Amino acid sequence: MKRETVVVLDFGGQYNQLIARRVRECNVYCEIYSYKTSIEKIKEIQPKGIIFTGGPNSCYEEDSPTYSKEIFELGIPILGICYGSQLMMHLLGGKVEKAPVREYGKIEVNVDTNSKLFQDVSPKTICWMSHNDYISQAAPGFAISAWTDDCPVAAAEYTEKNLYAVQFHPEVLHTQEGTKMLSNFVYNVCGCTGDWKMDSFVEESIKAIREKVGDGKVLCALSGGVDSSVAAVLLSKAVGNQLTCVFVDHGLLRKNEGDEVEAVFGPDGPYSLNFIRVNAQERFYEKLKGVEEPERKRKIIGEEFIRVFEEEAKKIGAVDFLVQGTIYPDVVESGVGGESTVIKSHHNVGGLPDYVDFKEIIEPLRNLFKDEVRKAGLELGIPEYLVFRQPFPGPGLGIRIIGEVTAEKVKMVQDADAIWREEIAKAGWDKKVNQYFAALTNMRSVGVMGDERTYDYAIALRAVTTTDFMTAESAEIPWEVIGRTTSRIVNEVKHVNRVMYDCTGKPPATIEFE
Ligand code: XMP
């Protein structure tokens with residue numbers, strides 16, 4: 001049976017992944033495609049519905065992203081959001097122009113509750129607006145279904161053709177009844193039944209992996225993080241001892257992490273995997289010598305990682321498949337799926353070298369968002385402490401040491417990070433924040449220790465709250481926790497004489513430092 005799919009057509013807006021997540025939260029599978037995707041491809045997918053995203057352009061300008069008008073004739077329901085709504089109107093004969101009053105923020109919107117889209121929504125509801133242009137006149141055939149004081153067409157619909165347009169952003173939580181609206185779209189308008197559930201994902205994946213692998217040998221890149229752990233357990237359930245897990249200690253792990261991973265996945269742990277630990281620390285440090293540029297560091301670490309696997313594979317002999325724990329946001333952020341700008345080339349995707357000595361790469365989590373990976377992990381019976389472990393990037397401490405990586409700097413950041421994590425946990429803040437770590441800034445400054453002048457490094461502490469890791473807020477950790485951590489770090493970690501707390505959210509910063 002074919003899985004119901006909603007396609008998000010990406011016109012370059014910043015909330016595109018959020019739209020896909022919200023749709024999936026309604027138990028409907030959703031994928032993001034660039035607006036450059038051909039209409040043939042869309043037809044092939046046979047989506048139950050299509051969502052046009054927002055975007056930074058003005059649809060009436062010549063070079064702005066657009067789409068063939070034919071899409072409106074496919075009989076597939078379409079919801080246009082922000083730029084997507086304007087483009088729909090523009091292409092179908094409505095009028096879009098610069099708004100006399102720019103709307104930005106939470107705005108009270110009047111909605112027609114007879115609309116399928118606004119069923120069970122309050123007649124006056126708070127929505128998130130962010131637009132310079134506006135629809136001054138809806139296209140022929142469209143009825144206006146929402147409006148504000150400054151925006152005569154906040155929503156419009158052509159019900160016979162199942163075309164819907166909303167100027168605001170139902171996907172962001174500031175739109176108080178946005179989830180309801182998206183659920184109305186996928187259920188009331190597209191007629192979805194909601195067949196995207198984690199138990200069916202696990203079952204289907206195991207079946208698909210078995211079919212694909214046959215009696216082939218599988219090699220899994222296990223890092224001990226949530227993604228690769230879930231991928232490894234999924235694979236081991238599917239192909240048992242045809243699977244070998246190789247854990248590369250690249251010397252950029254957190255303090256004692258190598259031993260911890262071995263304790264869980266090694267021969268004394270609860271899983272019966274073939275487990276190989278490779279101690280490749282020196283190799284990575286050698287490759288990283290003198291390299292300061294973040295993207296190069298990421299690429300080097302990613303490539304070296306693959307090389308180590310190739311070598312292990314050769315030792316094991318005739319390996320057919322390599323498993324990686326790539327997840328959907330990695331794919332989209334690397335510019336593979338959607339239209340958004342490449343922000344960082346993610347370890348699992350951007351760093352692949354040209355030559356890979358395996359038949360194929362298996363990425364069983366490639367279509368999942370992080371919270372879906374966790375749900376799948378629980379479904380697979382992986383212990384909660386592993387499933388809810390805070391994320392740790394593939395390139396590890398390599399991207400938490402600004403500038404050149406050396407063994408000494410790794411030790412500094414490991415020790416500082418261990419102290420920070422210990423103090424955060426002691427204060428009970430580990431449950432309140434989603435990610436917290438220490439980074440080594442490349443800044444050295446003058447200090448005084450005893451009667452001695454010092455010229456040493458500054459550690460930056462980071463703790464963020466986030467639901468999706470695409471946006472994040474700096475957490476308001478109590479001063480006493482930061483204070484205690486600071487004195488411990490400057491006392492216990494050699495060559496650190498200054499500690500700073502990073503107060504920046506994402507955007508404008510990212511969670512990691514590089
Ligand atoms: P940024 O720094 O992009 O991080 O705001 C968002 C989340 O992604 C993690 N991260 C990575 N994870 N490979 C990974 O598997 C990577 O290369 C990578 N870079 C960042 C980061 O820890 C945060 O949770």
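Note that Cβ sites are derived from N, Cα and C of the backbone, with glycine treated the same way.
Caution: TrEMBL annotation is automatic and unverified by curators.
Note on C82 (active site, nucleophile): other Cβ atoms within 10 Å of its Cβ, all shown chains, come to 27. As annotated by TrEMBL, active site, nucleophile applies to C82.
Residue environment of H169 (active site) contains 24 other Cβ atoms, counted within 10 Å of its Cβ in all protein chains. According to TrEMBL, the active site annotation covers H169 (among others).
Counting only same-chain residues six or more apart in sequence, the Cβ atoms lying under 8 angstroms from the Cβ of E171 (active site) belong to Y15, L18, I19, R22, I81, G178, L182. Under the DSSP three-state reduction, E171 (active site) is assigned to coil, being neither helix nor strand. The active site feature in TrEMBL is assigned to E171 (among others).
If you look up TrEMBL, you'll see 196-389 marked as domain 'GMPS ATP-PPase'.
Counting every protein chain shown, 22 other Cβ atoms lie within 10 Å of the Cβ of G224 (ATP binding site). Residues or ranges marked as ATP binding site in TrEMBL: S223, G224, G225, V226, D227, S228, S229.
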Reported mean pLDDT - the domain 'GMPS ATP-PPase' (196-389): 84
Three-class DSSP secondary structure - S228 (ATP binding site): helix
